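As structure tokens, the structure follows; a few thoughts come after it.
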Amino acid sequence: IVLPVNFVVCQLFALLTALWFRLYLHPSKASPFIRHVVATLLGFYLALFCFGWYALHFLVQSGLTYSIMVFAGLEHMHKLCFIVALGYLSFCQITRVYVFDYGMYSADFTGPMMVITQKITSLAFEIHDGETCMCVPMPSLLEYLSYNCNFMGILAGPTCSYNDYTAFIEGTAYQPRHLEANGTENGKHKHTEPSPKNNVISKLCTCAISLAVFLSVSKIFPVERSIDDKFMASTPFILQVLYLYLSMLATRPKYYFIWTLSDAINNAAGFGFNGYNKDGTPRWDLISNLRILDIEFATSFKMFLDNWNIQTALWLKRVCYERCPINPTAATFLLSAMWHGVYPGYYLTFLTGIGMTMAARTLRHNIKPYFLGSTTHKSVYDVITWAGTQVAICYTVVPFVLLAVGPSLKFYRSWYYCIHIACLLLVLALPVKPWHLRAKEEQPQENSLQGGLTGDHNSHSITDNNCNQKHKAT
């Protein structure tokens, strides 16, 4: 696994450009039109530098779906955009993998298309869901291209709400959040525009540490060694489990580096402000894609997923989980597999993830109440569930890293499919309420539960979910 040099160079260039963009093309100095034009042109420049003429696929995908938005009726526009955007992405992924360079972890052009697909479908659903109150207007072609292909997110995202992006371009992103109660000091509301400097520096330090760890440790603990015949024959099983954990632990800093750098770029441009902490310090986590400590110390499968690739999880929730009438968990995992690509390992991972999620949910609902009687019991529960979560995640994600069917099944055979079998037995043996009844009970607590998982200082602003909820089932 490598980090292509041109990707890193372009992201560093984007970081410097973002600083210039915030200072010299600030909304007080430049019109939204100028900011849209510059953000779009710089995005296409970076795309051409990294991917050459393959970057034209970004325009084709955006052009096809924009035509659907303009000419199709609101009733079916979101569904057509979803089918065309995901279908075109899948076509490009198939040709890249099976025609060109199977197994290569290069900076391929389908990576940015994955984020563009998220943005296209998110906007289409926002427009459809908001057709009554008009909270998301139909964008112009320039606004649409700027949203999809701006230089801040063209290479690594993350995706974001169209309303949040236009508020950033127009300079209104700070105004509503200045009125929040936790943005006061001495009883007076802040009126100065918060600076992202400290947050950007902190995230760049995280990037540096993540990159150093990845480059130094990933070669010491390659995942492929887990299926080496000599290693499996000579190593006790408990040490194989420990090695698997260390190898996956060494793989994650690559993603920490990529997503944190992308977040820092957006913040440096002035995008990502999300109100204030209780102590009055500004929060810049509106489009953050991960929370590292919550990932590494997750005590449940759900907690891990909720803090990993956050914006993709929110996208899956908005376009699939909240709308699917039958078994939304399975549908969401399958959509995630399709979106990631066509390597068989992806499908093995997400199919395993369905069973893991159902088993973890069943086990939690039946076992956790017995450990809530005292602090000691709760601590014991947390330690056990942390270890179990880490093993389950590693076991699930191995095919995602190995990609191919043969090596993935060889790994599962070496474990005698023990966790697959355990998940099946748990789901069959322990009772759990049907998902639709559980959803009704948990709905009033949804916001508080999400806040509890993300920490007191994180409360994502999902503007596209606040408009017209009656269309969620369409």
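Note that Cβ sites are derived from N, Cα and C of the backbone, with glycine treated the same way.
The stretch that TrEMBL tags with transmembrane segment, taken from the ranges 231-249, 326-344, 345-363, is 345-363. Just going by CB pairs under 8 A, the stretch in 6-25, 37-56, 76-99, 345-363, 414-432 that sits most against the transmembrane segment (383-402) is 345-363. The stretch with the most CB contacts under 8 Å to the transmembrane segment (37-56), chosen from 6-25, 76-99, 345-363, 414-432, is 6-25.
Long-range contacts of the transmembrane segment (414-432) within its own chain (CB-CB distance under 8 A, at least 6 residues past either end) are made by residues 226-227, 232, 240, 352, 355-356, 358-359, 361-363, 365-366, 391-392, 395, 438. When Cβ-Cβ distances below 8 Å are used as the criterion, the transmembrane segment (345-363) is approached by residues 300-302, 305, 329-330, 333-334, 336-337, 389, 392, 395-405, 408-409, 419-420, 422-424, 426-427, 430-432 of the same chain, each at least six residues removed from its ends.
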